[in-house]
Amino acid sequence: MKGELLCVLLLCGVAFTLPDQGIHRRFRRGARSYRATCRDEQTQTTYQQHQSWLRPMLRGNRVEYCRCNSGLAQCHSVPVRSCSEPRCFNGGTCQQALYFSDFVCQCPDGFVGKRCDIDTRATCFEGQGITYRGTWSTAENGAECINWNSSALSQKPYSARRPNAIKLGLGNHNYCRNPDRDVKPWCYVFKAGKYTTEFCSTPACPKGPTEDCYVGKGVTYRGTHSFTTSKASCLPWNSMILIGKTYTAWRANSQALGLGRHNYCRNPDGDAKPWCHVMKDRKLTWEYCDMSPCSTCGLRQYKQPQFRIKGGLFTDITSHPWQAAIFVKNKRSPGERFLCGGVLISSCWVLSAAHCFVERFPPHHLKVVLGRTYRVVPGEEEQTFEIEKYIVHKEFDDDTYDNDIALLQLRSDSSQCAQESSSVGTACLPDPDVQLPDWTECELSGYGKHEASSPFFSDRLKEAHVRLYPSSRCTSQHLFNKTITSNMLCAGDTRTGGNQDVHDACQGDSGGPLVCMIDKRMTLLGIISWGLGCGQKDVPGIYTKVTNYLNWIQDNMKQ
């Protein structure tokens with residue numbers, strides 16, 4: 001008996017001391033759920049485990065039925081028919097599954113969402129932002145907004161579970177909205193251990209004296225412009241001549257579309273731009289209005305950097321949407337290499353540094369990439385362009401780097417090249433007489449090296465914060481007798497501390513932007529040109545002074 005007892009005890013000891021070979025326990029760290037989710041990029045919607053949905057196929061009059069399974073969308077095609085009632089906004093086409101009641105909207109360009117209710121081109125809000133339906137999702141404190149459909153918001157007064165959620169712009173997304181007619185768009189964020197509201201950092205649209213510009217396609221335009229491209233006067237939307245037309249003041253949703261007892265330009269059907277009905281040669285027709293898009297230069301969805309590195313901070317392209325990456329084909333081997341940075345200043349034009357092009361590359365060997373956070377990893381919203389031509393300043397001095405500026409024209413089959421998005425946007429050009437106080441803090445960005453001795457460029461976009469030096473400190477005697485001209489400006493990190501903490505540009509950042517906040521817009525003051533090493537304490541970087549080249553830029557863009 002004692003022997004048997006001893007054997008049992010020994011076996012128990014082995015059981016308690018041997019490692020668990022068959023069971024691999026996973027311990028949760030933090031409060032994050034392990035329940036998988038799926039995100040449908042076509043509708044910008046997130047689905048939970050085992051949830052199903054419909055989405056349009058790329059070709060044919062069919063749609064796909066999808067189901068979220070362990071984080072993967074499993075889809076197959078199903079037949080559909082036209083919906084019995086309109087359910088899609090902004091000109092979307094509604095299709096309903098043949099054998100069950102779910103529906104799907106095929107959205108026109110620029111709109112996404114279950115009901116085509118999200119405007120991907122809306123980069124700012126008008127008025128209080130009550131009608132804002134864009135994709136901004138960052139609060140003023142830099143926090144990411146919570147999805148309106150989150151179960152954590154089910155007891156909040158405004159969530160995607162309200163009966164009138166669609167009307168208020170709420171849904172299965174985390175984009176800023178203003179459902180309660182507050183002063184500007186807001187959202188819920190997780191702060192100090194609880195869910196609370198925060199105003200969003202969404203920029204307000206510029207207010208011109210007549211508001212004769214429009215944002216995106218002008219779907220939300222509510223100004224008073226009333227003339228077409230042929231200078232014809234618009235007909236009132238309640239004119240008896242329009243009886244029988246699709247878009248009039250008598251539509252059930254006319255107020256939501258901006259139609260009424262007036263003749264102001266509107267875009268009720270999500271066309272390319274605002275339009276109106278006119279009489280031409282005694283015939284009723286329509287024409288686009290004589291209007292231009294509002295300038296959205298210098299606006300961005302800034303996200304607070306999370307990782308500090310030598311020379312600056314890792315950042316996201318949405319914080320610097322004007323940043324361009326320029327690549328050139330290798331001479332003796334297939335592939336391409338990163339060349340320099342650049343700055344998008346209009347849809348088809350990028351500024352850079354002249355010294356990047358001293359080898360006189362053929363234009364067809366160059367490529368510009370916009371919207372990329374990681375230098376060599378394609379981004380979800382990136383845009384790539386070949387180069388039509390590039391212009392290097394005729395008086396560029398390769399020894400002193402005086403007139404270190406170049407202009408690249410992007411190639412496109414239309415008059416528009418870069419499409420504006422949260423990842424792609426233009427930096428503002430400054431007024432010729434702009435004067436900023438000495439030591440104004442500005443930002444630079446690029447994919448350059450972390451330090452001069454590094455053999456590699458940065459894998460990810462970086463940003464650095466520097467201050468504008470006074471002209472009295474931007475001289476040859478302060479920079480080891482290097483030539484400094486009136487076409488250059490100096491900027492550097494003035495904080496105390498060792499060299500490892502100094503923000504600065506470095507090799508590979510050349511051609512990139514030095515931008516400063518002017519009237520709440522990031523404005524291009526300098527182009528990264530040259531420096532003495534990288535990140536040296538009390539040694540500023542040298543930038544091409546953009547205000548000296550405004551006429552040169554405009555003249556070359558007109559050619």
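Any Cβ shown, glycine's included, is placed from N, Cα and C.
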Candidate in Cys116, Cys124, Cys289 joined to Cys205 through a disulfide, as Swiss-Prot lists it: Cys124
Disulphide partner cysteine [Swiss-Prot] for Cys356, chosen from Cys297, Cys340: Cys340
Of the candidates Cys490, Cys506, the one sharing a disulfide with Cys534 in Swiss-Prot: Cys506
For Cys356 (disulfide bond), the three-state class that DSSP assigns: helix
Candidates Cys83, Cys116, Cys124, Cys176, Cys234, Cys276, namely the disulfide-bonded residues, that fall within 10 Å of Asp509 (site 'Important for single-chain activity') by Cα distance: none
DSSP-derived class (H/G/I helix, E/B strand, else coil) of Cys340 (disulfide bond): strand
Overall pLDDT of the domain 'Peptidase S1' (309-558), taken as the mean: 92
Cβ contacts of Cys234 (disulfide bond) (under 8 Å, same chain, 6 or more positions away): Ser226, Phe227, Thr228, Asn263, Tyr264, Cys265, Cys276, His277, Val278, Cys289
